[in-house]
Amino acid sequence: MKGDVKIINYLNKLLGNELVAINQYFLHARMFKNWGLTRLNDVEYHESIDEMKHADKYIERILFLEGIPNLQDLGKLGIGEDVEEMLRSDLRLELEGAKDLREAIAYADSVHDYVSRDMMIEILADEEGHIDWLETELDLIAKLGMQNYLQSQIKVTD
């Protein structure tokens, strides 16, 4: 089915956002793991996998609309050097992605591409959940102090 060119362009932009997020969150997860912060590792790793699933949805939709998925035009990763910087970098990425999603959703609705719109609304709900988690973690750092926060991110195994 031949899709609207602007929808395909939006989907490719959103795909690019997801590809950056996959790599950024995966690297952050492994850095957290290396530092012994297993709870942060677990969440970031899960988020990386979720972003991969979102990317897969975009790829399938672009192909269905007879477009070509662009997996080469990647933005810059925002890799932090400490926990707070990493969480802030992830939050910036999520906020930008949510902004792009809202714009694409509005356009899809205006051209009556309800399937693309509904897919993007579902993904936006996931992104808003991640934004909420990141904001909560940054609030905890501010309230508890970094040392107490870091201590709370260590999972003792049997």
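Including glycine, each Cβ sits where the backbone N, Cα and C put it.
Together with E18, E51, H54, the Fe cation 1 site in Swiss-Prot holds one more listed residue from E96, E103, E127, E128, which is E127.
Of the residues proposed, E85, E94, the one Swiss-Prot records at the same Fe cation 2 site as E51, E127, H130 is E94. The helix, strand and coil residue counts that DSSP assigns across the domain 'Ferritin-like diiron' (1-145) are 116 helix, 0 strand, 29 coil. Regional average pLDDT for the domain 'Ferritin-like diiron' (1-145) in the model is 97.
It is 13 Å from the Cα atom of H130 (Fe cation 2 binding site) to that of H54 (Fe cation 1 binding site).
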